[in-house]
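Going by Swiss-Prot, these are the annotated features:
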DISULFID  C37-C201  disulfide bond
DISULFID  C120-C205  disulfide bond
CARBOHYD  N34  N-linked glycosylation site
CARBOHYD  N210  N-linked glycosylation site
TOPO_DOM  1-47  topological domain 'Extracellular'
TOPO_DOM  69-83  topological domain 'Cytoplasmic'
TOPO_DOM  105-121  topological domain 'Extracellular'
TOPO_DOM  144-166  topological domain 'Cytoplasmic'
TOPO_DOM  188-212  topological domain 'Extracellular'
TOPO_DOM  234-274  topological domain 'Cytoplasmic'
TOPO_DOM  296-309  topological domain 'Extracellular'
TOPO_DOM  334-358  topological domain 'Cytoplasmic'
TRANSMEM  48-68  transmembrane segment
TRANSMEM  84-104  transmembrane segment
TRANSMEM  122-143  transmembrane segment
TRANSMEM  167-187  transmembrane segment
TRANSMEM  213-233  transmembrane segment
TRANSMEM  275-295  transmembrane segment
TRANSMEM  310-333  transmembrane segment
Amino acid sequence: MATDDASFPWDQDSILSRDLLSALSSQLCYENLNRSCIRSPYSPGPRLILHAVFGFSAVLAVCGNLLVMTSILHFRQLHSPANFLVASLACADLLVGLTVMPFSMVRSVEGCWYFGDIYCKFHSSFDVSFCYSSIFHLCFISVDRYIAVSDPLIYLTRFTASVSGKCITFSWFLSIIYSFSLLYTGASEAGLEDLVSALTCVGGCQLAVNQSWVFINFLLFLVPTLVMMTVYSKVFLIAKQQAQNIEKIGKQTARASESYKDRVAKRERKAAKTLGITVAAFLLSWLPYFIDSIIDAFLGFITPTYVYEILVWIAYYNSAMNPLIYAFFYPWFRKAIKLIVTGKILRENSSATNLFPE
């Protein structure tokens with residue numbers, strides 16, 4: 001029997017409207033809030049892959065840098081001013097893996113921020129703090145390597161534990177004060193009030209930085225970078241000269257003091273090479289992001305979201321790279337990892353273990 005549409009308590013328009021509202025609500029971060037951000041979710045397959053890739057990087061950053069810190073702090077043979085700088089750098093990378101990457105993973109993959117406005121600012125502040133802390137640490141490490149390679153016999157009297165402590169304090173204090181004051185005073189958003197108002201919604205966590213502060217941020221990255229590049233160019237020139245001198249001396253009978261100096265210089269050159277690779281990896285990871293931030297600020301935020309996310313995660317992955325570099329180039333680190341993983345560091349006097357091959 002045919003039925004008339006008017007006999008139903010709803011019509012087709014109301015059905016379509018309700019279906020449309022249902023579809024829209026499923027694309028909102030918070031379905032029952034009018035000011036909710038709109039989600040742009042991935043399909044299940046890519047979402048699973050992205051969670052796995054980003055999650056693995058966070059776990060690697062935490063576990064790898066924890067191994068670096070444990071190795072340096074536990075084994076007395078590694079207690080040196082230079083290694084304390086490396087341990088502090090590992091701490092910055094560890095904190096990126098703990099306080100930044102997991103939350104950024106959810107925001108990047110799910111398209112929403114579910115952790116509240118308060119932690120949004122903390123998260124952004126941590127992100128900026130640990131980035132600049134790493135830059136300052138690497139800058140001081142490059143200066144340390146220059147002194148060690150240029151004059152290894154006097155190095156220990158110049159770069160003491162006290163000097164290392166001051167470098168570590170400066171790196172952390174300046175980066176934390178700068179990032180938190182910049183974001184919590186609202187200075188970074190001055191002149192962008194209309195943009196911030198348009199972007200503000202429940203479930204969003206976007207950092208808006210005006211042109212002036214983007215330029216200052218870039219300078220804070222560029223100046224230490226130029227210092228590192230200048231210092232390491234000198235380090236490799238000195239290393240090349242020392243290698244040539246050792247080759248000449250090897251053809252003659254060397255005094256015991258000369259032989260000792262050569263051994264020390266060789267060890268310092270290897271350390272400088274490894275840390276030079278660490279610096280290069282950092283620059284390759286972060287430079288694209290900083291260049292894009294300059295382009296965005298002065299050309300009207302033209303970077304597509306997916307490109308921005310790629311650049312951010314390339315930078316984040318740097319926090320997981322340093323332990324891999326150490327493991328590849330440092331036999332002592334591989335030996336320390338083995339002792340830690342097997343639980344042998346719990347044995348009595350394990351801190352006195354010899355990690356360096358004869």
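Just so it is clear, glycine is given a Cβ too, placed from its N, Cα and C backbone atoms.
Location within the structure of each feature annotated in Swiss-Prot.
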{"residue": "N34", "record": "N-linked glycosylation site", "DSSP class": "coil"}
{"residue": "C120", "record": "disulfide bond", "DSSP class": "helix"}
{"residue": "C201", "record": "disulfide bond", "DSSP class": "coil"}
{"residue": "N210", "record": "N-linked glycosylation site", "DSSP class": "coil"}
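Summarised as a single figure, the pLDDT of the topological domain 'Cytoplasmic' (234-274) averages 64. When the glycosylation sites N34, N210 are compared by the number of other C-beta atoms lying within 10 angstroms of their own C-beta, N34 comes out lowest. For the transmembrane segment (84-104), same-chain residues at least 6 beyond its ends with a Cβ under 8 Å from one of its own Cβ atoms are 54-55, 57-62, 65-66, 68-69, 72-73, 113, 115, 119, 122-123, 126-127, 130, 133-134, 137-138, 140-141, 144, 161, 164-165, 167-168, 171-172, 275, 312-313, 316, 318-320, 322-323. Closest to C201 (disulfide bond) in space, going by CA atoms and restricting to the recorded positions N34, C120, N210, is N34.
Scored on C-beta pairs under 8 angstroms, the neighbour of the transmembrane segment (48-68) with the top count among 122-143, 213-233, 310-333 is 310-333. Same-chain neighbours of the transmembrane segment (213-233): 128, 132, 135-136, 138-139, 142-143, 145-146, 178, 182, 187-188, 272, 276, 279, 283, 286-287, 290, 293-294, 296-298, counting only residues six or more beyond its ends whose CB sits under 8 Å from a CB of the stretch. Less than 8 angstroms from the CB of C205 (disulfide bond) sit R107, W113, F115, D117, C120, H123, S124, each of them six or more residues away in the same chain. In this structure, the C-alpha atom of N210 (N-linked glycosylation site) lies 23 angstrom from that of C37 (disulfide bond). Close to C37 (disulfide bond) in the fold, though at least 6 residues off in sequence, lie L28, C29, G111, C112, W113, C201, V202, G203, G204, each with a CB less than 8 Å from its CB. Here the Cβ of C201 (disulfide bond) has 18 other Cβ atoms within 10 Å, regardless of which shown protein chain they belong to.
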